[in-house]
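Trainee: Here it is, the structure in full.
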Amino acid sequence: MVSSVLRDARRIVVKVGSSLVTNEGRGLDEVAIGEWCRQLAALVRGQGGEPREVIMVSSGAIAEGMKRLGWSSRPGEIHELQAAAAVGQMGLAQMYETKLREQSMGSAQVLLTHADLADRERYLNARSTLLTLLRLGVVPVINENDTVVTDEIKFGDNDTLGALVANLVEADALVILTDQKGLYTADPRRDPQAQFVHEAQAGDAALEAMAGGAGSSIGKGGMITKILAAKRAAGSGASTVIAWGREPDVLLRLARGESIGTLLVAQTQKNQARKQWMVDHLQLRGSVTVDAGAAAKLREDGKSLLPIGMVAVEGDFVRGDVIAVRDPGGTEIARGLANYASAEARLLCRKPSAEFERLLGYAAEPEMVHRDNMVVLGAR
């Protein structure tokens, strides 16, 4: 299964934890980060296969900030943790930029919070930015914006953020690099009978028991959060691999189809998962009616919806809201995320994209709903 899941993945999110990035808190591990960046660059260029799109989610800002500030122990005050994050993020971003530049690869820093992905408009903006960076061949390096959040520092984790990013960009796979070789049936440090888990279904409830539960020593060490992250990633059709981050050429070997670490398989196909999410779980905020030609293009060709094909707009919605697309007879044929608010959409009906800047005062996306953010209902 690993051979097909990772070998065939074209968009991959890689998450690496702070213990690896900072060499157990001793400072940024320049050699390790350089190795991961070398592998990321090789994947983007298609070394040994097809080019991949890769996003790195990296912890380590707080740990690096503590080192730079001369703090030997993690402070308990939130504002001190936030200060450490602000100091450390400078070094973290600089290190990735330097190591990727050594590979002649562009990089971009993106700081996110859970709130950014909970708000539909900010979600859509973040998605558009990341997809543009990937299209440009740039490696986005994402971290949680610890300087402005509170609960995430106290209880959150970048395993969850990695899964949310996988959802956001519709990744094919999530790779979590950790200081453990993968998942065991019990804590191998305490139970000599513990068996290594090579593969399981991401939604298997028994996995959480294997990880020890949230209150166990292993759970506090992070394995439980990785199991939950894999379950979340599976919701959008992405399978997850948990592997030792210091395994030589771990990313390249996974991409070649080698069996390394634990594979947690998503039971839902990526497109099916997105359809279910779009159709069943998001509330409609309005609708647009299109002419017969636009309806045919959506139904038959899966094209994006352009405003020139719209004849009417109903409801009051904002950018990022879910809207229905109706044919001239009023039948709902698709739904998706709106690139324009309802007031703007009314101005754009029957207009070509060349007129958008004159009408709106700014130039934005040429589509009302991009095909990547749309589900054609007849194709369910």
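Glycine is treated like the rest: Cβ placed from N, Cα and C.
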Trainee: Please pick, from K15, K351, the residue that Swiss-Prot records in the ATP site together with T178, D179.
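Mentor: According to Swiss-Prot, the candidate sharing the ATP site with T178, D179 is K15.
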Trainee: For the substrate site that Swiss-Prot assigns to S59, N158, which of the candidates D146, D172 is also assigned?
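Mentor: The one candidate that Swiss-Prot places in that substrate site: D146.
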Trainee: Report the DSSP secondary-structure composition of the domain 'PUA' (285-363) as helix, strand and coil residue counts.
Mentor: 28 helix, 24 strand, 27 coil
Trainee: Over the domain 'PUA' (285-363), what is the model's average pLDDT?
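Mentor: Its mean pLDDT is 94.
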Trainee: Which binding-site residues are spatial neighbours of S59 (substrate binding site) here, meaning Cα within 10 Å, out of K15, T178, D179?
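Mentor: Within 10 Å of S59 (substrate binding site): K15.
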Trainee: Whose Cβ lies within 8 Å of the mean position of the Cβ atoms of K15, T178, D179, the ATP site, other than those residues?
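Mentor: Leaving out the recorded residues gives V16, G17, S19, L20, I176, L177, Q180, G222, K226, I242, W244, G245.
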Trainee: Counting Cβ neighbours within 10 Å across all chains shown, tell me which of the binding-site residues D146, D179 comes out on top.
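Mentor: The residue with the most neighbouring Cβ atoms within 10 Å is D146.
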